[in-house]
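A short write-up of the structure that comes next.
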Protein chains: 2
Amino acid sequence: MATNIVWHEASVSKEDRREKNDHGSFCLWFTGLSGSGKSTLANALAKYLFEANVQTYVLDGDNVRHGLNKDLGFTDEDRKENIRRIGEVSKLFVDGGQIVVTAFISPFREDRQQVRDILNENEFFEIYVNCSLDECEKRDPKGLYKKARNNEIKHFTGIDSPYEAPVNPELVVNTESQSIQESVKTIVQFLEEKGLIKSGISNGI
Amino acid sequence: MATNIVWHEASVSKEDRREKNDHGSFCLWFTGLSGSGKSTLANALAKYLFEANVQTYVLDGDNVRHGLNKDLGFTDEDRKENIRRIGEVSKLFVDGGQIVVTAFISPFREDRQQVRDILNENEFFEIYVNCSLDECEKRDPKGLYKKARNNEIKHFTGIDSPYEAPVNPELVVNTESQSIQESVKTIVQFLEEKGLIKSGISNGI
């Protein structure tokens, strides 16, 4: 095997990787309230794309907050730095030919804009995972809203800290009126329409 | 197309990714003096593996210092944090099924050990890119040794800041006596012997 590989010194470009992977590389930036379903949706999307041989990776609280960003707290400055670093890591994954899906509340427009600014056109897609505060609070999968209402957590988005909804997101999915499966389909079809992945991939959803 | 893809909610594990990619995922941590050839070697290795359909990504000063770690300087504390973040990002790439090759001087044993500690067994391989200070200074590709000798740069590794060579690295390549091509071959053969990539890949070097 490997007889067609020959020696030559050079580095691999982002374009080389995209061509080899046979799909684009970009960041799908999910933003929305706690409990809106960002992480569930991101993982379901990644799983579906994985089965379709599309290189996809999810960045969320599970793999970032206890690792890269474990030195950061929840002050304004630290929240800003949290998003900045996630943006920079996303850029590395995009450079590496991957689709990176980020699942963070990322409540402030300015912070999301800064991530958009470090990526090229067609490398950053803001996806608003829309779900009413009432519904998120009803779901309360981690019991955080209850704690926030009891003042056990301070600066909780939607309770005593603002959430700035996207003004012109590339896509909106509504996890209150749509199932996760329907939301994944909406996103995969969006990627097909943009020519970022091969058409037909959404057929199995 | 894509007719064999069916809907199911779950997330993708590291093991799933390794199986799909048909190779292991791990970190090759290059350490060595400035000018020893770490970045050149890392890029040459990544290029060769890329041609062999092995998902590989290089982290080096070019894509880290001006991005993720642009807030860090060269104090002891910042150098430590620099390596910590690179280690954490490496862990994300490993989790994403990639081979990540890091090319940083990383002069301190303690810092390299900390990266080893956050990765699992067979996920961290320390590769000492060995080249004498004399030879590195002769090469001086970025003119940094000259500046360090003229006191224009402080705390420069090998001049007025120590380099702690690895005690038990998984592999040593000597870029003074070996060409880049020979060093790449040594590394690819090492990966084959460990069963981390398919055998035969080194045949083309």
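Heads up, the Cβ atoms here are built off N, Cα and C, so glycines get one too.
If you look up TrEMBL, you'll see B:25-174 marked as domain 'APS kinase'.
The ATP binding site feature in TrEMBL is assigned to B:Gly32, B:Leu33, B:Ser34, B:Gly35, B:Ser36, B:Gly37, B:Lys38, B:Ser39. A C-beta separation below 8 Å, combined with a sequence spacing of at least six in one chain, links B:Ser34 (ATP binding site) to B:Ile105, B:Cys136, B:Lys142, B:Leu144, B:Tyr145, B:Phe156, B:Thr157, B:Gly158.
Counting Cβ atoms from all protein chains shown, B:Ser106 (active site, phosphoserine intermediate) has 25 others lying within 10 Å of its own Cβ. Residues annotated as active site, phosphoserine intermediate in TrEMBL: B:Ser106.
Annotation for B:Lys38 (ATP binding site): same-chain Cβ neighbours under 8 Å, separated by at least 6 residues, are B:Phe30, B:Thr31, B:Gly32, B:Asp60, B:Ala103, B:Phe104, B:Ile105, B:Val129. All protein chains shown were included, and the count of other CB atoms within 10 Å of the CB of B:Leu33 (ATP binding site) stands at 24.
In the domain 'APS kinase' (B:25-174), the DSSP tally of helix, strand and coil residues is 61 helix, 29 strand, 60 coil. Excluding B:Gly32, B:Leu33, B:Ser34, B:Gly35, B:Ser36, B:Gly37, B:Lys38, B:Ser39 themselves, the residues of that chain whose CB lies within 8 A of the CB mean position for the ATP site are, in sequence, B:Ala103, B:Ile105, B:Val129, B:Cys131, B:Cys136, B:Thr175.
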